[in-house]
Amino acid sequence: MTMPVPPGRRHGRIVRHYGVEVRLAFDDGDFLTVRVKRNSGHVVGDRVCWHGDRLERLERRTLLQRQDPFGKVRSLAANLDGLGIVLAPQPTTPVAFIERVLVAARSAAIAPFLLVNKADLAGSAVLAQQLRQQFGDTQPLLLVSALSGAGLTPLRDLLATLGCCALAGQSGVGKSALLNALCPGLDLQVGELAEGGQGGHTSSVSTLVDLASGGSLIDTPGFRDFAPVQIASAELPGWFPGFAELLHQRACRFRDCRHRQEPGCVIRQALADGSLSAERYGRYLALLDELEAAEQRQRGW
Ligand SMILES: Nc1nc2c(ncn2[C@@H]2O[C@H](COP(=O)(O)OP(=O)(O)OP(=O)(O)O)[C@@H](O)[C@H]2O)c(=O)[nH]1
Ligand SMILES: [Zn+2]
């Protein structure tokens, strides 16, 4: 049951963020653009209450964050339900990127899914097959083409089921093309923004678009190269692809095992018997080292 909103207070969502201004979509269908402090911490997807003179941020269901290359934590989007990792036969994406986005999504309680775009190009079916082998079926995988429209109906259905989603992926895999294919009105909105005197620099704007087929999509430039993961190093094994499954079956001798050289380690055993690849284990160690180094920097060591 929804509580009645007292007069003067209006509930809504942040659907666009321009840095010092945010656009609110109220639950009653109205829109309003209001100024915010640059460091307000509000992000697209935030539920808010507008008091007529001030914006109150409501509790977040989920929050996706990243660390920038300087170790500063940045919030990307709030209340996401799903995160699609867009891949293509060209340009190729390092496996480490996919693993890191999976860790970021899972640890933030956001459901990840894999989108192989450019299904019209040779190599896309092979890529999908490789990804199924590497990442199993713990998350959905769809083969789509923003260009031909292939696979867009199953993708729309998935987005409608999940709720609010965003697309992550390296430059050139087709995130913008997919967004435009899924929401034809998006171009129009970007055009309208440029006319509104904000300048044509739309690439730094984050937007939330409701899809006619159900669900919504958040487009934010922060998803392009987002690989650094914002979690405690001790949590990494629980989220790293392939590790959680192994650790679910059996436990290491030490509860706080980091799976490096500790005796009685389930992960090292899996490595020895070939059920975990040396490459994946190496990428786990690299990410663990990075997270530990970041924690040491934060403690001022
Ligand atoms: N063949 C083919 N090309 C596509 C498809 N989708 C996108 N492209 C092309 O891939 C290139 C990159 O597409 P974008 O949508 O700009 O990629 P992006 O991921 O948004 O890239 P950034 O904005 O740099 O992060 C463009 O030349 C698109 O025309 C597709 O389904 N098939
Ligand atoms: Zn272990």
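Glycine is no exception: its Cβ is also placed from the backbone N, Cα and C atoms.
Marked as GTP binding site by TrEMBL: Asn117, Lys118, Ala119, Asp120. Annotated Zn(2+) binding site per TrEMBL: Cys252, Cys257, His259, Cys265, in sequence order. Sequence annotations record features per position, and here TrEMBL assigns domain 'EngC GTPase' to 78-224.
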Asp120 (GTP binding site) and Cys252 (Zn(2+) binding site), distance between Cα atoms, whole Å: 45
Beyond the site residues Asn117, Lys118, Ala119, Asp120: chain residues whose C-beta lies within 8 Å of the centroid, for GTP: Ala88, Pro89, Val116, Leu121, Ser124, Leu143, Val144, Ser145, Ala146, Leu147, Ser148, Ala150, Gly174
From binding-site residues Cys257, His259, Cys265, the one whose Cα lies nearest Asp120 (GTP binding site): His259
Among Cys257, His259, Cys265, which are recorded as binding-site residues, the nearest neighbour of Lys118 (GTP binding site) by Cα: His259
Cβ-Cβ neighbours of His259 (Zn(2+) binding site) (radius 10 Å): 24
Neighbourhood of ligand 2 - binding-site residues from Asn117, Lys118, Ala119, Asp120 with Cβ under 6 Å: none
Neighbourhood of ligand 1 - binding-site residues from Cys252, His259, Cys265 with Cβ under 6 Å: none
